[in-house]
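For reference, the structure is listed below as C-alpha cells.
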Amino acid sequence: MKGMILFISCLLLIDIVVGGKEGYLMDHEGCKLSCFIRPSGYCGRECTLKKGSSGYCAWPACYCYGLPNWVKVWDRATNKCGKK
C-alpha cells in the first residue's frame with residue numbers, strides 16, 4: 001500500500017515538473033497572438049519555438065501547452081492589450 005501511494009505521488013510530481021504552464025501566447029503589444037488568417041499548423045510551430053510541447057488555434061488566438069515558466073502568456077488580470 002505504501003508503495004502504491006509513493007508511486008502515485010511520483011506520477012503527480014512528474015506531471016507538475018514536466019507539464020509546464022499553458023495559455024495564450026502574447027505578441028509584442030501584450031495582445032493574444034492572432035491565428036485568424038494564419039495557415040494550418042501556425043500555432044503549433046509558434047508554441048514549439050517558445051519551447052512548448054504543443055499548441056493549436058483556439059480561434060482566434062494561439063493556445064500552447066507545456067510552456068517553460070519564462071514564457072509570458074496572456075492573463076485577463078494583467079491585460080495590457082490596446083492600452084497605453
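Backbone N, Cα and C define each Cβ position, glycine as well.
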Check Swiss-Prot and name the cysteine among Cys31, Cys62, Cys64 that pairs with Cys47 in a disulfide.
Cys64
With reference to Swiss-Prot, specify which of the listed residues Cys10, Cys31 is paired with Cys81 by a disulfide.
Cys31
Swiss-Prot annotation, disulfide partner among Cys10, Cys62 for Cys43:
Cys62
Which one is it, Cys10, Cys35, that Swiss-Prot ties to Cys57 with a disulfide?
Cys35
Where the distance is taken from Cα to Cα, which of the disulfide-bonded residues Cys43, Cys47, Cys57, Cys62, Cys64 turns out closest to Cys31 (disulfide bond)?
Cys62
Would you identify the secondary structure of Cys35 (disulfide bond) according to DSSP, in three states?
coil
I need the nearest neighbour of Cys47 (disulfide bond) among the disulfide-bonded residues Cys35, Cys57, Cys62, Cys81, using C-alpha distances.
Cys62
For the domain 'LCN-type CS-alpha/beta' (21-82), residues assigned helix / strand / coil by DSSP:
11 helix, 21 strand, 30 coil
I'd like to confirm something. Which of the disulfide-bonded residues, Cys43, Cys64, Cys81, has a Cα closest to the Cα of Cys57 (disulfide bond)?
Cys43
